[in-house]
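What follows is a single structure, written as structure tokens, with notes after it.
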Amino acid sequence: MEPLFTPEQLAEIKAYHLPHYIRGAVSPLISLGTFALIIGVLLQPFYRGAQGCAAWLSHRFARLRTAPVLRVVVSALDKMWGEPGWGTAILFALFVDLFIELLYSPANIYFGYVLEHRYGMSNYTPLRYALDTFKGLALEATASSMLVLGLYGLARRVKRWWLVLGVPSALLLLGASVLDPYRSQIYFQQAPLEQGPLRERITSLMARAEVPFQDIRVEKTSVESKRLQAYFAGMGPTRTIVLNDIMLRELTPEEIVAAVAHESGHVHESKWPGRIASSFALVAFLFAIDRLLRLAAARGWFGTTRFADIRTLPLLWLLAFLVFTLSAPVSAVFSREREREADRYALHLTQDPAAFRRMLVKAARVNKMDPEPPRWIVLKGYSHPPIGERLAAVPPTP
Ligand SMILES: [Zn+2]
């Protein structure tokens with residue numbers, strides 16, 4: 001078999017990935033330093049700033065408190081919070097978010113735009129990049145405000161808030177994937193795959209795999225990136241097979257079928273053990289937050305005077321960061337095993353190892369995958385086995 005890359009291509013791929021590996025090594029330390037800076041130095045200035053801003057806004061827009069619909073919203077928020085001050089809480093959370101975003105923005109622009117363009121991986125125009133970044137920030141700010149109101153609002157009013165919040169959130173988490181087909185449409189245009197041989201082949205493949213689906217759609221990701229991508233979104237009646245427009249351009253129908261077969265392997269995974277485990281983990285995490293909030297209130301950390309004071313928020317972020325960083329290597333082990341299994345499933349379903357191999361080779365070339373990344377980077381949280389390993393597992397074609 002011809003080598004995956006020429007020596008020149010391999011050198012380019014290694015050069016492209018090196019900054020990512022360096023970031024992988026230093027970013028946990030930088031994150032810890034950022035938390036130390038916020039918790040140790042910036043917390044009180046941010047809090048006083050949020051108080052000042054909230055006071056100014058409520059004075060400036062005092063009329064809105066009596067406006068028809070807003071009046072109801074404002075009084076509901078006052079009631080939920082138990083006292084005025086939810087405005088300060090939201091602004092404080094937004095200040096912390098904004099500070100972290102600004103601090104990381106040089107690195108984010110370098111990795112998301114500069115490096116991608118330097119290695120020909122990106123089709124972003126500066127305008128579209130700015131627009132997508134702005135969309136992401138707006139989503140994050142909304143989620144952050146809702147989290148503050150939901151978590152802190154509830155914690156202030158209900159003794160076992162972690163159960164009251166945890167159980168419905170866990171249920172919501174179980175059902176959230178039903179909405180998956182609609183999420184990526186915030187960023188990309190989609191259209192149904194046109195009628196024709198490719199649609200027929202995928203449809204008959206899915207019939208053999210016994211995977212029902214709603215539609216096959218083509219996502220126009222080429223406005224942003226040059227990478228190949230296919231995924232299944234949703235579940236049951238909302239399941240949608242999504243191929244990006246680059247796949248249709250770069251892969252033959254056999255190779256696209258091989259990629260879809262891999263994705264269909266994921267449908268047959270037993271998802272309930274993982275889902276139930278993550279539901280319990282979520283409730284346990286909220287319980288740990290409850291203990292931390294009680295400790296902070298008892299000791300008067302950060303000048304807090306009561307339980308669930310918003311000034312504990314950066315501490316909760318730190319706790320979440322530690323939990324995610326430490327659990328990533330463990331969940332990645334399971335993820336890589338699921339990927340190996342999906343590869344085996346696809347090979348069994350299509351009985352076409354040659355097309356499967358060509359699909360992996362093209363994916364590796366187009367997406368500039370490192371065939372042999374450093375072992376520690378894989379262990380730290382790679383969701384897929386390295387492409388070299390996946391290729392080696394494909395049986396040779398006679
Ligand atoms: Zn997969």
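Going from the start of the chain as shown, residues are counted 1 onward.
Every residue gets a Cβ built from N, Cα and C, even glycine.
Listed features, source TrEMBL:
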| type | residues | note |
| --- | --- | --- |
| TRANSMEM | 21-43 | transmembrane segment |
| DOMAIN | 72-181 | domain 'CAAX prenyl protease 1 N-terminal' |
| TRANSMEM | 89-115 | transmembrane segment |
| TRANSMEM | 136-155 | transmembrane segment |
| TRANSMEM | 161-179 | transmembrane segment |
| DOMAIN | 192-394 | domain 'Peptidase M48' |
| TRANSMEM | 280-302 | transmembrane segment |
| TRANSMEM | 314-334 | transmembrane segment |
Number of helical, extended and coil residues in the domain 'CAAX prenyl protease 1 N-terminal' (72-181), per DSSP: 96 helix, 1 strand, 13 coil
Winner by Cβ pairs under 8 Å against the transmembrane segment (21-43), considering only 89-115, 136-155, 280-302: 89-115
Long-range neighbours of the transmembrane segment (280-302), counting only residues six or more past its ends (CB under 8 A): 39, 43-44, 151, 155, 161-163, 165-167, 169-170, 173, 308-309, 311-312, 315-316, 319-320, 323
